[in-house]
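J.: After the structure tokens below, expect a handful of questions from me.
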Amino acid sequence: MNFRNLAIWLVIVAVLGGVFVVSQNSRTKSSSEISYSQLLKDVDAGKIKSAEIAGQTVLAKTADNKTLTVNAPMNSEELVNRMVAKNADVKFKSGSISFLAILVQLLPILLVVGVWLFLMRQMQGGAKGAMGFGKSKARLLTENKNRITFEDVAGVDEAKEELQEVVDFLKDPAKFQRLGGKIPKGALLVGPPGTGKTLIARAVAGEAGVPFFTISGSDFVEMFVGVGASRVRDMFEQAKKNAPCIIFIDEIDAVGRHRGAGLGGGNDEREQTLNQLLVEMDGFEANEGIILIAATNRPDVLDPALLRPGRFDRQVVVPNPDVAGREKIIRVHMKNVPLAADVDVKTLARGTPGFSGADLANLVNEAALMAARKNRRMVTMQDFEQAKDKVMMGAERRSMAMNEEEKKLTAYHEGGHAIVALNVPLADPVHKATIVPRGRALGMVMQLPEGDRYSMKYQQMTSRLAIMMGGRVAEEIIFGKENITSGASSDIKAATDLARNMVTRWGYSDILGTVAYGDNQDEVFLGHSVARTQNVSEETARLIDSEVKRLVQYGLDEARRILTDKIDDLHTLGKALLEYETLSGEEIADILKGIPPKREEEEAATAVIAPSLVPLSPGAGASVTA
């Protein structure tokens, strides 16, 4: 609320109230009001010296100079005759009403009107007018000092190329039109969260040189029926006035979800908004010169009519970057960061598989904050490594008190994961093992792939099952079955999920064959899920459970076989983890060869733990596989 406006209205109310009080007091103090019959008695008694008559109001003055006010009948001849008979001085005055009297009479009305105007102005400030709910909330971006260009976008070359063509079309349409090409009507940016979809759209705004409107998908639907469709119409009306132009809708899945997916009857405001959007994009009336760019990380929930050519002519995939893309992105975010000589961008890029652009931006920022916290003038490689740990696993919880028994359980649990990972085929190299609590995990083993991976082999999956079971088996072998902890709960869940996917999605079961089962498990529409039936019989469901159990049991048996054969290595690694708390992959290999790790006491206290892709266990230990 605007404090200045509120203060003005309070002053006005106070002034009007003061005028009313003063007028009432002046009337009270200036005269005493008596009845008409009392006035007649005073006249007959000779107490009235003079009188002034104005309409029905009589101001009579007594012999002792008191003023009496009387409301008399109109044209009261009897009163005048009696006064004349008693030699009273009688004057007649025209019945005019003073401005103050008028103001006092109008005061209640003025107060009501003032309050109404005040409320209306407040509504106008928040919603572009008292009836401004149907107005578009799209903002027109203008060039400023924070202008983003394609130079600020890295690691998504294909997406940049697609949208660069749109920008070129707006700048020089004749280049394309001479060959019969038409300007694309829309481009849909699709990709996981944090890959830079909105950043690319901002770069288009900076490069295009045409008006750029931006709005969120959630800005369309409000509490009133019909507001969403009205805002869509208003948005395109604004765009037509500024054509050629670009409209960017962020998170379009908020308004563009599949129609007919809800339960129950009644009007669906979101569907009405979507229908209006479909008509405006490619309906009876063409909107020439308006390009619509939208972003979503849920293309599977969008309505098919929204995705067809003529509305969104292009679907631009913005994936997580590969190692080369990560290197470019890191360099972009390092532009304003003073770096020490030991910082190796290529190593950082190789050590961050699966990171999105937002993750990498956060990584660089966390490293800079850590260096500033230590009063350094430059950011070192150690800061980046520690920042990776914080981004992926949370901050260290060195203050957490663990007794010796819990530490020993955790050390052997993590040692079991690491020993199995070193002895199964096609496993990713062990990068780090730690028993320092981080986040919800009391310890972790991290495996880092040697390169980006886009698919997995059957043997890699079975090896991963064995690695996941390694921690629980190690606890059983070292401490006995009766002392197994709940620390492997998330290991068991992750192994079960992997085995179920192997059976139901990837066809790794000879009994069930290469058939996809339970294809509606990820159904995002409640209405569709209720309407559809499960596509597996009870017998097939039992077979699926049986095959899942068989695969998990295979991983358990394989882990038991390896740890039984490598029991000496398990004891060696468990004791080393208790002593050093954090070990790198190279140090683990040296320890198993009988070579103690070579590091200073300071380095041991600030040992760096490399990140992992999937932390599995929040309990007494976690196995992380990449």
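Glycine is no exception: its Cβ is also placed from the backbone N, Cα and C atoms.
Copying in the features that Swiss-Prot gives for the protein in this structure:
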- Glu414: active site (ACT_SITE)
- Gly191, Pro192, Pro193, Gly194, Thr195, Gly196, Lys197, Thr198: ATP binding site (BINDING)
- His413, His417, Asp491: Zn(2+) binding site (BINDING)
- 1-5: topological domain 'Cytoplasmic' (TOPO_DOM)
- 27-98: topological domain 'Periplasmic' (TOPO_DOM)
- 120-626: topological domain 'Cytoplasmic' (TOPO_DOM)
- 6-26: transmembrane segment (TRANSMEM)
- 99-119: transmembrane segment (TRANSMEM)
J.: Give the residue counts of the topological domain 'Periplasmic' (27-98) per reduced DSSP state, in the order helix, strand, coil.
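T.: Computed counts for the topological domain 'Periplasmic' (27-98) are 22 helix, 24 strand, 26 coil.
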J.: Can you tell which of Gly191, Pro192, Pro193, Gly194, Gly196 has the least company, meaning the fewest other C-beta atoms within 10 angstroms of its C-beta, among these binding-site residues?
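T.: Comparing Cβ neighbour counts within 10 Å for the binding-site residues Gly191, Pro192, Pro193, Gly194, Gly196 gives Pro193.
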J.: Tell me which residues of the chain lie with their Cβ under 8 angstroms from that of Lys197 (ATP binding site), as long as they are six or more apart in sequence?
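T.: Expected: Leu189, Val190, Gly191, Ala295, Thr296, Asn297, Val318.
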J.: Test of understanding: give the count of other CB atoms lying within 10 angstroms of the CB of Thr198 (ATP binding site).
T.: 17
J.: Distance between His413 (Zn(2+) binding site) and Pro193 (ATP binding site) at the Cα atoms, whole Å?
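T.: His413 (Zn(2+) binding site) to Pro193 (ATP binding site), Cα-Cα distance: 34 Å.
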J.: If you measure from the Cα of the residue listed as 'active site', which of the binding-site residues Gly196, Thr198, Asp491 is the nearest?
T.: Asp491
J.: Do you know which of the recorded positions Glu414, Asp491 has the most other C-beta atoms within 10 angstroms of its C-beta?
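T.: Checking each of Glu414, Asp491, the winner is Glu414.
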J.: Report the same-chain neighbours of Thr195 (ATP binding site): residues 6+ apart in sequence with Cβ closer than 8 Å to its Cβ, ordered by sequence.
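T.: Val156, Val318, Pro319, Asn320, Pro321, Ser356, Gly357, Ala358 - these are the non-local Cβ neighbours of Thr195 (ATP binding site), listed in sequence order.
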J.: In whole Å, how far is His417 (Zn(2+) binding site) from Pro192 (ATP binding site) when you measure between their Cα atoms?
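T.: On Cα coordinates alone, these residues lie 30 Å apart.
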J.: How big is the Cα-to-Cα gap, in Å, between Asp491 (Zn(2+) binding site) and Pro193 (ATP binding site)?
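T.: Rounded to a whole number, the Cα-Cα distance is 26 Å.
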J.: Under a three-state reading of DSSP, tell me whether the residue listed as 'active site' is helix, strand or coil.
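T.: In the DSSP reduction, the residue listed as 'active site' maps to helix.
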J.: Neighbourhood of the ATP site (Gly191, Pro192, Pro193, Gly194, Thr195, Gly196, Lys197, Thr198): other residues with Cβ within 8 Å of the Cβ centroid, in order?
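T.: These residues sit around the ATP site: Leu189, Ala295, Asn297, Val318, Ser356, Gly357, Ala358.
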